[in-house]
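Student: Sharing the features that Swiss-Prot gives for it:
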type	residues	note
MOD_RES	12	omega-N-methylarginine
REGION	74-206	region 'Interaction with TGFB1I1'
MOD_RES	127	N6-acetyllysine
MOD_RES	178	phosphothreonine
């Protein structure tokens, strides 16, 4: 199968979603800014005090040895938290008729992104050279691959980039073959033609 590069369109305004303004974007999509600076210490302190079950918990030293231990453990905890939230988790959704992937690429310009399909796989690549920001010099690059569902036509894959920096790649799913309802066909019997019947008598009279 040949490789196909998928062009993406730039959305001037975010797509309308009901309840979009009721909750922040990070509740739907984890932070995927590759190489971002670590979180401020006050954030890590708040997370460590919250201790969400099943997500992140305060370090043992922070709970057993008092405030002094919290101060010492804070940088290590902040780095661990940053690794969790910058792991690049994407969001995949599949409905009855559509397959969709959303990826946060807000640190990349449109010309630094490439989306292509090859052998039933969507490959998303982002790369920008070293540049300077408020923290120093940094360069970023990533590659993500997603397997298309069976039967999806790779030529129908499309992508778009929202103003918030969310890249959406989607494709229509093939329609399921519906089985027709069972129909009973009646069998009819044809009667044999009678030899010497009325029709034959009329033809003989002529």
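Backbone N, Cα and C atoms are what each Cβ position is placed from, and that goes for glycine too.
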Student: On the three-state reduction of DSSP, what should I expect for residue 127 (N6-acetyllysine)?
Tutor: strand
Student: Using a Cβ-Cβ cut-off under 8 angstroms and a sequence gap of six or more, which residues of the chain neighbour the residue listed as 'N6-acetyllysine'?
Tutor: 108, 112, 140, 141, 142
